[in-house]
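Q: These came from TrEMBL, pasted as-is:
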DOMAIN    11-389  domain 'Major facilitator superfamily (MFS) profile'
TRANSMEM  12-35  transmembrane segment
TRANSMEM  47-65  transmembrane segment
TRANSMEM  77-102  transmembrane segment
TRANSMEM  108-129  transmembrane segment
TRANSMEM  141-161  transmembrane segment
TRANSMEM  167-184  transmembrane segment
TRANSMEM  213-237  transmembrane segment
TRANSMEM  243-265  transmembrane segment
TRANSMEM  277-295  transmembrane segment
TRANSMEM  301-326  transmembrane segment
TRANSMEM  338-359  transmembrane segment
TRANSMEM  365-384  transmembrane segment
Amino acid sequence: MNNQVLWTLEFLGMSASSFFQYMAHYALIAALPVVVTGQLGGNEWQAGLVMTFFQIGAVLFRPLAGKWIDQFDKKGMLFAVLAVFFAVSLMYLGVTGLGLYFLLLIRFLHGGVFAVGSTAVAATAALIVPEQRKGEGIGYFAMFSTLAMVVGPFFSLTLISHYTPEVLFASVVVLAALAFWTANRNTLDGLAGKGKKPGGRSLRWHDFIEARALPVAFIGGLLFFAYAGVLVFVPIYARLLELTQYTSLFFAVYALSIVITRPLVGQLFDRAGMHMVVYPGIMLFVLGLVCLSQVQGAVGFLIAAAIIGVGFGALSPTFQALAVQVSPSRRAGVATSTYFLALDISVGMGSFFLSFLAAGTGYRSMYLCTAVVVGLAAVAYYTLRRRLVSRGGSAALR
């Protein structure tokens, strides 16, 4: 494989597989509350419980994902986990007949297999990307999941408004099949057989968590804690501002701003160093959150979306790339799962604590508080960068 080539068939396959996995994920996030409160006769609390069970499964299985990816043959791992992903997706077809408790079981299983599958594909993509183009490559890879965040909800809400839930669930099965096919249609000869076979020693926490990635994961966690306020509460905030009709456009503008700027961000990461991406990204993310807190009309609402998209969109793949770079290449899977685990936990904590903050102080104050959290991420990054540079760490930090 040419060490300088980024857009190989293998990289395209991993990116497409990630897109289909995340499209199924975001499609269900948007549509399941409608199904639960409608066809299944549940209430809002039960709709939230469906989301919680998914998150529990993801948090429990994410640490195992990294160990399995690094320990076993990566080609075989992709085949197995995405086959299970497809099998779990098939189970959704029985939801309307078997009811809410069956759905909760599926969501737990889906959260676990999604955590393993998305980590496996991301770790494989990180190994495929040439070292000299790591930031650019992971930035492009992350762009596919960003596109899925916009396409998935639009797709599922359109389906559920015109057809029965069975049609929605059948489409999720098709997406799972495409995720399996795109990841496994290429040979991945360079990765086949890599990984350590399990030995007889007892398991240690080191087998599931990459310690060198923890500081990076902590910073990413702060950013995603703040982002939870956008992802979860913007629809409610828009309703209070009487801007409900602009909610889908908010996320479309957010995603479009990422797509437009992502190529520049990746190249800047590789050529000028990580700090030339992180500090401007944090400033823009803070500015976007402050603007969101002061919104008075549709124009300001969409401007905030664009600024947040550029800022947060630059930061997320950048720290994902750094988590891999500061870790040994043989631990890329564990490093990736460590980073994603922090994000899973942070989004869950953000959704929980920010809901109380919004109820007590209002959404404007809540968004100002998230801007402060992002500012703390800048302090944490400054401290980490000084420490790593003094120790001769990743060249991207210098």
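Note: Cβ is positioned from N, Cα and C throughout, glycine not excepted.
TrEMBL entries are annotated by machine, without manual review.
Thinking about packing and proximity, how do these listed features fit into the structure?
A: Cβ atoms under 8 Å from those of the transmembrane segment (12-35) belong to residues 44, 47, 50-51, 82, 85, 89, 95, 103, 110, 114, 117-118, 121-122, 124-125, 128, 140-141, 144-145, 147-149, 151-153, 155-157, 159-160, 165, 168, 171-172, 175-176, 178-180, 182-186 of the same chain, restricted to positions at least 6 beyond its ends.
If you look at the transmembrane segment (47-65), the same-chain residues 6 or more away from its ends with a CB under 8 A from one of its CBs are 29, 32-33, 36-37, 100, 103-104, 107-116, 119-120, 208-209, 333, 337-338, 340-341, 344-345, 347-348.
Away from its own ends, the transmembrane segment (77-102) comes close to residues 17, 21, 24, 35-36, 39-40, 42, 46, 50, 68-69, 109-110, 113-114, 116-117, 120-121, 124, 164-166, 169-170, 172-173, 175-177, 179-180, 183-184, 188, 195 of its chain (Cβ-Cβ under 8 Å, at least six residues beyond either end).
Outside the transmembrane segment (108-129) by six or more residues, the chain places 1, 6, 8, 10-11, 14-15, 17-18, 21-22, 25, 28, 53-62, 64-66, 68-69, 74, 77-78, 81-82, 84-85, 88-89, 91, 137-138, 141, 179, 183, 188, 190-191, 320-321, 324, 329, 332-333, 335-337, 340, 344 with a CB less than 8 A from a CB of the stretch.
Residues 11, 14-16, 18-31, 34-35, 122, 125-126, 129, 167-168, 171, 248, 251-252, 254-255, 258-259, 262, 313, 316-317, 320 of the same chain lie 6+ residues outside the transmembrane segment (141-161) yet bring a C-beta within less than 8 angstroms of a C-beta in it.
Only residues 6 or more beyond the boundaries of the transmembrane segment (167-184), in the same chain, are considered here, and those with a CB under 8 A from a CB of the stretch are 13-14, 16-17, 20-21, 23-24, 27-28, 31, 35, 78-79, 82-83, 85-86, 88-90, 92-93, 95, 117, 121, 124, 155-156, 159-160.
Tertiary proximity for the transmembrane segment (338-359) is limited to same-chain residues at least six positions away from its ends with a CB under 8 Å from its CB atoms, namely 55, 58-59, 62-63, 65-66, 115, 118-119, 122, 209-210, 213-214, 216-218, 220-222, 224-229, 231-233, 236, 319-320, 323, 365-366, 369-370.
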